[in-house]
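**Student:** Sharing a structure with you now.
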């Protein structure tokens, strides 16, 4: 009986407590005021603002895409040229990408085309490659499917369809930047003007249309726009879901389009990790983004033919370390001394785990280590010295050197850099102010209003400040990375001058009292962009129109003659040897097999390039003959532009780099030439005397190219 009575008492207490909780919830619901429906005129204003903003975003993207298309047409006279002349405009690795697009269109079926690309033995001699995996040819696969599925083959030529997609993606790129600035500032002015003026420094599409980054970066811009909206604290549930889905899709697509995308996402993950450390309210959202990274890496690994580079990437190690650190994190009261110590321990734990996991993954996962990248970074930062031809050749590339003064001068003349620095300083100082307040345990409002003047308290602003500092730091070292940073500069500068909150933050620090600060901030956020826009229009619009009206000329008759001769005279099974850039053009224009390609992510191809480049060194005819026949080459092409190169940078000519690598120049003793009993091969072979004529027979030449047939039977003449 006593046990039964005890049980009954417990049940009654539970029922009472549950009843009390329910009654408390009901009282809360009663007490909380029902949200009043906004008046019709307010709803109309919101709808009109969103509609006009979306229309402006789409229009800006279309204008930019049309501008690029018109500029490309004026530069190359593209519509007035024959197919061969059009294909010659694709230079270097761009030619390789477009050649595989052509191969997919020629294939009897999509499945057969994919099989031939994944088991490709018709591009590089003595080498079977998975071109889809090695060169990230997913854009070409998608473009070929769209071209045939939409019936465009009856309407438009393949080359126009291909470049049209790329120009359209650049329009999406600008639209995404536009939307990002709009989400951050609440207004949608100025972004397009900044990008149009600084477009030379925001994209490499002027030189190489099919580059992987031109396909990938628009998706990354969409991901950043979705992430910006997702991190906003005042976003409703439906908006969060939409941003999350868009972010998931764009992250995965970005990873599939570009082999180096996971390094860029690694920088983004570092920015989010620091945001998570500084902004406690967004911790759950940040960890949801980490799940997107893991999902994208896993799916990318499966669909990229088990690409081991994704498993050993620093992104995966960092995300797993962050997940483990979250599981080990203790629940302590915020603002206390123990909480501060735990933050420091958590930061140290994440860094240690990331390095440890990455080392372990590289030990157990078989992968092709990009050793040349690590060696390049060592030499780039002065940690090592080398005479290796490939390393020194990469160091001499303009895109891998520090930015020139002209770059900063262009950004300053367009008023972009001064406004960007001003906006970055204000946001950074405001962010540090908020962080110190949180460290000291001071409570801050969750929803930030305009009157607060605290722009650095918004999570999306903290993320963008950290991310742009990381990208800017890299761009200061390697000029090629300016194409990642400059669009960010355009977007942040436009956001800053259009944001009332930024002006309010500045007025709060200045303690402005003569004029109402909120009113002045609203006026300046409209007046300053308008003034800047009008001044930019007056100064730079005539220049843009001049670029479109000016007829440039791309005329390369020597290359056209060379490709025509190869098509007409060379056997179908012939293998050509020469500089990698020319080999890419030969593969595209003729379809003949080559010995090397202008690709720098494969150690074997890099070694081939170095060996073939020996035709411009001081080596004997016998040595060159052995190198070429080892790759089953039938024809050798010597370029006069490389053989007689007059480089602008001392020591960066191909023949200089070869002399250093071969020991014909001693760098440590003031560039003194050492004795070589052989002359430079590319000069000597033109003279037609023994022993050169024994190994090589000249079969074609023009002003730029000399073609030699490699003799299979050597006849020694006196």
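Counting starts with 1 at the first residue shown.
Glycine too: its Cβ is placed from the backbone N, Cα and C atoms.
On a predicted model such as this, the values are computed, not experimentally measured, just so you know.
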**Student:** For which of the residue intervals 438-457, 518-537, 538-557 does TrEMBL record transmembrane segment?
**Tutor:** 518-537
**Student:** Among 484-506, 576-598, 599-621, where does TrEMBL put the label transmembrane segment?
**Tutor:** 484-506
**Student:** Of the residue ranges 417-436, 637-656, 657-676, 677-696, which one carries the transmembrane segment annotation in TrEMBL?
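**Tutor:** Per TrEMBL, the stretch marked transmembrane segment is 417-436.
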**Student:** Out of 256-277, 278-299, 344-365, which range is noted as transmembrane segment by TrEMBL?
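**Tutor:** Of 256-277, 278-299, 344-365, TrEMBL gives transmembrane segment for 344-365.
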**Student:** Do at least three C-beta pairs under 8 angstroms join the transmembrane segment (344-365) to the transmembrane segment (417-436), pairs 6 or more apart in sequence?
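**Tutor:** These two segments do not touch.
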**Student:** Take the transmembrane segment (311-332) and find every residue of the same chain, 6 or more past its ends, with a Cβ under 8 Å from one of its Cβ atoms.
**Tutor:** 262-263, 265-266, 269-270, 273, 276, 287, 290, 293-294, 297, 301, 338-339, 342, 346, 349-350, 353-355, 357-358, 361-362, 365, 367
